[in-house]
Amino acid sequence: MPLRSKPKARDLARALAATAALAGLVATTACGSRAGEETAATESCVDTSGDTVKVGSLNSLSGTMAISETTVRDAIALAVAEVNAAGGVQGKQIEIVAEDGASEPTVFAEKAEKLIREDCVAAVFGGWTSASRKAMLPVFEDNDSLLYYPVQYEGLEASENIFYTGATTNQQIIPALDYLVETGVESLYLVGSDYVFPRTANAIINAYAEAHGIEVLGEDYVTLGSTEFSTIVNQVKAADADAVFNTLNGDSNVAFFREYANVGLTAEDMPVMSVSIAEEEVGGIGVENIEGQLAAWNYYQTVDSPANTAFVEAFKAEYGADRVTSDPMEAAYNSVHLWAATVEKAGSFAVEDVQAAADGVSFDSPEGTVVIDGDNHHVTKTARIGRIDADGLLYTVWESDGPIEPDPFLEGYDWAADLSVTE
Amino acid sequence: MDLLVGQLFTGLSTGSILLLAALGLSLTFGQMGVVNMAHGEFIMAGCYTAYVVQQAVGDAGASLLIALPAGFLVGGAMGLVLETLLIRRLYHRPLDTLLVTFGVGLILQQAARDVFGAPAVNVSVPEALRGGVDLLGVTVPRTRLFIMALAVVAVTAVALVLRFTPAGRRIRAVVGNRDLAETAGISSRSVDAATFFIGSGLAGVAGVALTLIGSTSPTTGQSYLVDAFLVVVAGGLGRIKGAVVAAVALGALQAVFETYSTASLAKVGVFIVIVVFLQLRPQGLFTLRTRSLA
């Protein structure tokens, strides 16, 4: 907001100045929230003497990310209930301490600190945006505690104190590109929200395109939450690419797909491959605007496996038949089970024991068997391309030959050599 | 070249969206000087009105026609309550007004989240408004043409009400000189309430219309708030004419910048232009000459 204006009435000028003061206030408190983190706790206060053990569930229950993260909270609660019903971990019942990250990375850091120091939780499950993960990372490292992060992300990270149960780029974006190449796509148009994940994803896509002879006809970013797409969609239409690669996040997808359908573009003449649209988001966009478009994930509600049937049934029984399950929810659900299995294997709740025992721990999850890689703390995942159908669900049209080993730094790809060094 | 001409048309369409979002604010902020940070939430209330009406009626076309006046009443009623309970008591405390309405906005967002759930809901676009029309080399979605028409209707209605009705005359009198108007027997309290009702109602109408192009979620209103303030400030406080010109100019600037760079950079460009413009002309495009001494 322009604060330099001098409206006629003095009151107004003061009011505008107050806006600046308010913004300043928010900024100051935000910076202040990290104070006190410097004194790292050497001793963990996790209490395992009783017959319960606490874990943290840290998700945005308010703010712009609440739309997605509340579903993850539900999935975590479901998994904890299942583990408890099966006798708990090491004979102890799990007790959830829930906190609201409020869609603010600094709040995530603050609440993580609180969960570790005051509630003495054995592990924390949650986080969604890369910004929230990056803000929490030093907290978990300084306090030597554990975070299970359940969302696909841009890779190029591997902390001893974080287990990444969502896909890294070689389990989602690269398979999606492989699929497009397989179907004869020779040119792409990239559309994304303006923050770390889409920027990094598009850097990878550009490197991939160069190595595979794909022409990138355009690359556009909009601010998070923007709903103004007429120019971009007209440019996409004019560019006439074979496909669009969409890394938009959140509400922007609604405006983008409505505009896309309105100018007459369809999945037949220019398919859109999205990496942030799951079952939960399709409802808000309106299935008539997105039917036939593609998405890249590791899990869909429609995956045909006994483990998934049980997961979907249990979820609907708990939260209502109209609810859907999605990839990040499934990854969060897996996180709890993986943590419980690791603790059982280690025979201890201590962080160093869990870290040491993690390698090779597996869980027969709804998406298939997932196995923890002890070196980079990611898990093996099966890549799946899904097509959005008229019922609002996604159906697998292609899947990788078995689970893909996680490679967060893309060390196995020659063309990505320059990417790993740049953040 | 075709693209540029087309982009100007896009600018007009973007401008009409800005205008619709800002029109109510140009009354409450521009005319009354109330910095209402909850204006975005009134827009959001309009969005959810459209959703609720559509759930009840079923047919998308009919529900849109019902939702437009319903959105006006819902937004207006919320504005009236806010004005009566809070803003009225804070007329000479702009800083407090700002903080209080900011807080009210957050409460309304959370209320929407509790009632409708955090995920965005879908408001279907009527069959007649789907698809686009080819104009000057670009395809213009019908929804945008509808919003342009609605913006024209809304501005005309507001202008006519202000100019030709007794209520409009009273509003202009109070804006011009509150004390003198009161001396002449006008109850400035009821005029304030009426102005706030109309301004907030227009936000509701904007919300209903914006469901055609954007998402409907608890935070929908926020994304329009800053733009709405920009339009009112750049246009000049107190002038509907200013809001119209500023909205179209900003829309066109955004569209043209975007053609030659990226969307985020275009946004930066627009902000820079506004900052420079306000340095040169702090009172905005049009000024309102008043006899008040403030």
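Each residue, glycine too, has its Cβ placed from N, Cα and C.
Note that TrEMBL annotation is computational and uncurated.
Remember, predicted model here, so these are calculated numbers, not experimental data.
Now, the feature entries from TrEMBL:
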| type | residues | note |
| --- | --- | --- |
| TRANSMEM | B:6-27 | transmembrane segment |
| TRANSMEM | B:34-54 | transmembrane segment |
| TRANSMEM | B:60-82 | transmembrane segment |
| TRANSMEM | B:145-162 | transmembrane segment |
| TRANSMEM | B:196-216 | transmembrane segment |
| TRANSMEM | B:228-253 | transmembrane segment |
| TRANSMEM | B:260-280 | transmembrane segment |
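The transmembrane segment (B:228-253) makes contact with the transmembrane segment (B:260-280), as judged by at least three Cβ pairs under 8 Å among residues 6 or more apart in sequence.
The stretch from B:6-27, B:34-54, B:145-162, B:260-280 that makes the most Cβ contacts under 8 Å with the transmembrane segment (B:196-216) is B:34-54.
By number of Cβ pairs under 8 Å, the transmembrane segment (B:6-27) is matched best by B:145-162 from the list B:34-54, B:145-162, B:260-280.
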